[in-house]
Amino acid sequence: AFILAFIIGCYGHYYKIVKNGVAGYPDEWFPSVSATTGDWYPERNICQIFIALTSGPRLVLCYLWYLLTIRNVPADGSKGFSKFLLTNDIIRTVACGGWVYITSSDDHDIHDIAMIVYLLCTIPHVVGTITTAPQNPKAQQYRKLFAYTFFGALIPMVYFFIQHNVHRIPGAYTYYAFFEWSLIISDLAFDAVCLIDFETFEFRVVDIGMGGKREGNISALNDLKTYGGSEKGVGAAIGDIKPFEVISFAADVYLGFVFWSMLTSLPLMIWYFPLWHMGISGYEAFLFCNVTAGLLGLNFLRRGIERYKGFVHLLSLVGVLSYKIADPAHRLMAVAAGVSLSLLTWGATFFGQRHQNGRAERGVLTLALGLILHNIVKQAWWANNPIWPIMNEKTGGQNMIGLVLGVLAAVQVMLRKEPGADEPQTIEGQKKGENWFLAAIGGGGYLFCLHSMFTDSTTISRWSLGGYPNTGPQPVPGGLMVIAAMATGLTLSSKRRWVTSFFWWAIGTAGLAVLHFNEGDIGFGGGIVFTIYALSLFPALFRSLSRQPPGRTFLLAMLVYNFLALAHVWVVAYAFVPGGEVMRERTDYVLIAMQTCLLLGIFNSNSSAWTIISDIKARSSFNAARVYAKLSLVGLVFASIGVCYNRLPKSTPQPYHPEHKLITAGIWTIHFAIDNDMYNSELRMRDAIRDLELDVIGLLESDLQRIIMGNRDLTQFLAEDLNMYADYGPGPTKHTWGCTMLSKFPIKRSTHHLLPSPKGELACAIHATLDVYGKEVDVIVSHNGQEEDLLDRQLQTTELGRIMRESDNPFLFLGYVVTTPGKGQEIYEMLMDGGHVHDIEVSDWDRWCQYLAFRGVKRTGYARISHGGITDTEIQVGKYQLLEDHPTSWDRSQSIEDFKKEETYAQISEHQVPEGLRFPSMFYGEGVRKHRFHVFDRPYYYA
């Protein structure tokens, strides 16, 4: 009946298009009366009649399935679920008839409500049917296939509905209708699979007569038979790979990716609040949301999560959906909830698999692969994760796609029969010599190690970078090398005795020491060794953690992780936290504590090494997990190669106006690329730098390679997208907030400085020599200390003056110096007179922190541009010409008041300036993207 109705409806659809044309085609599918021509189309009524005819059989089918499930309920099981499923299916059938028969042109509200009820009831219907069905492999395979097509059609259906209903795209409703009706095809096909299960389902009508007895005590259900049989163990050979097992494995890997995405986004979002409060804000307490893992000690809760882990995974996606929440505090709360639920789910899963090596190995490997996938996705998005809540459609995010994939993965977990669920126990729960305390210490330290160093492929290269030319590998191809090392380490993890040995720990520790104390290629090489070592521990430490009493073990592990995470922040944020002086610049303390935790963990894991697996089926399941993991690693490494190839530079950077030998240079404090609304700001930063035609720019507060900044790296995105050379500046181990330089001119050499800071924050500086139109020009980008520490500011400014004064090249200063401009200001005069440079515009009295200064080049323009909501600090830009006959020496008589007097008379109007030397006119008035000429409402130009 349905097929006939569908054919008639498609014919009518085709007929109307031919008759009326696409432009005259009404919005509704199968309408009785055309909204355009007023014609009556009877095929819609015929279609409705046939659809209505299917409702009765569907209700009978619901009841028959109820009888079948009652028959299959174990003796100790609950029949309540069968009754719930029957009720749900009846509601679903009625709702289906509602939205099919009553179209949106008849009654829009009833149509939509019926559709929503139908879709909501479909999830328990599909999951419940697969769960309660006789385990006939053929039938279950068909059911899963049609379930995937059903839920897969939802994505384009919703997309085209939005295109039609919101964007009013012509023809979108036609495509929506095809996907809408494909749901019915998949739905009926899913239910039609029961024909296989009912092949041995027989009703008997028996005349027992008056007072007679049932013949042989036969009832209508006694002859119901189900398909049983054990599932064949999964072989280790590639030829034994099954499509549905691959889908199941991929779903777990993606959920692992979601876990790492939410875990890494939480501290990043917490950081927003102390950043704007300039101190402890109270929101830091959300870091401890992970202590809810201690609830795994409640048996009923843990078992419930394990049994319905797909549903809990689905709930945890609130952390991904949170990007829609505008209020930063509420968004943070949603992410904290998502992290807690995801952590509980993975913890319950690991503990539930503790007796079965095959399932347990599969579980930890999918989480490890999720971490590597997280790195590759970030590599493709230039160190940002497209499903982080700080991303959205305007900032390059793909949050909705990530959410939909997460929903599909969670539904897949709900639908499947756990692989290896009938696998016999192959190890004991807790072995002699094992200690829950040591396991928790090792697990917490290891989670911190992974989060702080291996959630972005560029972290290792940024830890080891030096100044030009000894920078070490750049993100491309350095990131690829790190990902390959992670894959190598995970492959070696099967050598359990070796990777949990003291000798292997010593090798890893040596690699970490080389990374910490050396710059350039040598330091990066040590980092690669440590990467291989760290990832090889993944199964051993997580398996050891899962074999302990879950409540106290996971609680202590999370506390250890939190303690190390805070210490990792305090080494640079010591000026803003109570007692922070103890951890000032002590990354070495943190690394020693981390390695000690790992040593205790691997010692405990080694003492409880596995017994040899002798059962063939268990060995088969174990090997299958390894085969899938190795194939996945090969695919992930090739994906990283593709990403790196796509990111290779396509051309050599060129300045914007070489015809004038112009240098346009700027300085901007960017607040760690988190805008005022807690969204990523790199795209808008790129647009501002591009529109201002900056040849050189210094970016301050730019070191994002920390847990609290998401282990990001804005330098690589801006440099590659704007086609510029980049110097990242002092790396994460130098304990500064960071300064970065981007340049259209080649960087011949550079030096990274830590300016004297005996009391307050460390001040960073880059001193670079650029090849500008064939001549050497020096540039300093610096970020000095805070107002509270006068001695620090004096010493830092003195050192900057020395560096500039001792250079014989033309010089540009782009820096952050906490002082008021003008004669008589100590720090200001120390910078200008001490550095033998000129302030770009001494009459601009409203500056406080950012300054531009120069020597040996001709100043032609100066402007201040508002920040546009990206930060709280404006952009300052200067235009200079590098002329052959311009004096390069500095004359003290031209400084301060004399220079001010001379330059005041040298100002000219814009129409006197050649076009190539002007600032873009788009920044006049209201400007563009909230960027406009600030303070003066115009730029200054000079003769």
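Glycine too: its Cβ is placed from the backbone N, Cα and C atoms.
Values in this document were obtained by computation on a predicted structure and should not be read as measured data.
Confidence over the domain 'CWH43-like N-terminal' (1-200), given as mean pLDDT on the 0 to 100 scale, stands at 70. Annotated domain 'CWH43-like N-terminal' per TrEMBL: 1-200, in sequence order.
As annotated by TrEMBL, transmembrane segment applies to 49-68 (among others).
Among the features that TrEMBL reports, transmembrane segment is placed at 80-101 (among others). Nonlocal intrachain contacts for the transmembrane segment (80-101), taken as residues 6+ away from its ends with a CB within less than 8 angstroms of a stretch CB, comprise 48, 51-52, 55, 58-59, 62-63, 65-66, 69-70, 73, 110-115, 117-118, 121-122, 124-125, 128-129, 132, 184, 187.
The transmembrane segment annotation in TrEMBL covers 113-133 (among others).
What TrEMBL records for 145-162 (among others) is transmembrane segment. Sequence-distant neighbours of the transmembrane segment (145-162) (same chain, 6+ residues past either end, Cβ-Cβ under 8 Å): 119, 122, 126, 130, 172-173, 175-176, 179-180, 182-183, 186-187, 189-190, 193, 247, 404, 407-408, 411-412, 415.
Residues or ranges marked as transmembrane segment by TrEMBL: 174-196 (among others).
Residues or ranges marked as transmembrane segment in TrEMBL: 253-274 (among others). Sequence-distant contacts of the transmembrane segment (253-274) (same chain, six or more residues past either end, CB-CB distance under 8 Å): 280-284, 286-287, 289, 313, 316-317, 319-320, 328-329, 331-332, 335-336, 338-339, 342-343, 346, 366-371, 373-374, 377, 385, 387-390, 402, 405-406, 409-410, 413, 451, 455, 565, 573, 576, 632, 672, 674, 678, 707-711.
Per TrEMBL, domain 'PGAP2IP first transmembrane' is recorded for 257-411.
Away from its own ends, the transmembrane segment (280-301) comes close to residues 266-267, 270, 273-274, 329, 332-333, 336-337, 339-340, 343-344, 347-348, 351, 549-552, 554-555, 557-559, 561-562, 565-566, 576-578 of its chain (Cβ-Cβ under 8 Å, at least six residues beyond either end). The transmembrane segment annotation in TrEMBL covers 280-301 (among others).
What TrEMBL lists as transmembrane segment is 332-352 (among others).
The transmembrane segment annotation in TrEMBL covers 396-415 (among others). Tertiary proximity for the transmembrane segment (396-415) is limited to same-chain residues at least six positions away from its ends with a CB under 8 Å from its CB atoms, namely 123, 126-127, 130, 144, 147-148, 151-152, 155, 247-248, 250-252, 254-255, 258, 261, 308-311, 313-314, 317, 320-321, 323-324, 381, 384, 386-389, 680, 682-683.
Among the features that TrEMBL reports, domain 'PGAP2IP second transmembrane' is placed at 434-608.
Residues or ranges marked as transmembrane segment in TrEMBL: 474-492 (among others).
According to TrEMBL, the feature transmembrane segment maps to 523-542 (among others). Sequence-distant contacts of the transmembrane segment (523-542) (same chain, six or more residues past either end, CB-CB distance under 8 Å): 350, 361, 364-365, 367-368, 442-443, 446, 449-450, 453-454, 460-461, 463-464, 466, 472-473, 478, 481-482, 485-490, 492-496, 499-500, 504-505, 507-508, 510-517, 598, 601-602, 605.
For the transmembrane segment (554-577), same-chain residues at least 6 beyond its ends with a Cβ under 8 Å from one of its own Cβ atoms are 267, 274, 278-280, 287-288, 290-291, 293-294, 296-297, 343, 347, 437, 439-441, 443-445, 447-448, 451-452, 545, 583-587, 589-590, 593-594, 597, 706-708, 735-737, 760-762, 786. Residues or ranges marked as transmembrane segment by TrEMBL: 554-577 (among others).
As annotated by TrEMBL, domain 'PGAP2IP C-terminal nuclease-like' applies to 661-897.
Here the transmembrane segment (332-352) has Cβ contacts under 8 Å with residues 255, 258-259, 262-263, 265-266, 269-270, 272-273, 283, 286, 289-290, 292-293, 295-296, 302-303, 305-306, 309, 312-313, 315-322, 325, 360, 363-364, 367, 389, 542-543, 545-546, 550, 554, 558 of the same chain, all six or more residues outside its ends.
A Cβ distance under 8 Å defines the sequence-distant neighbours of the transmembrane segment (474-492), meaning residues of its chain 6+ beyond its ends; these are 365, 368-369, 371-372, 375-376, 379, 383, 454, 457-461, 498-499, 524, 527-528, 531-536, 538, 629-630, 633, 636-637, 640-641, 644, 647-648, 713, 716.
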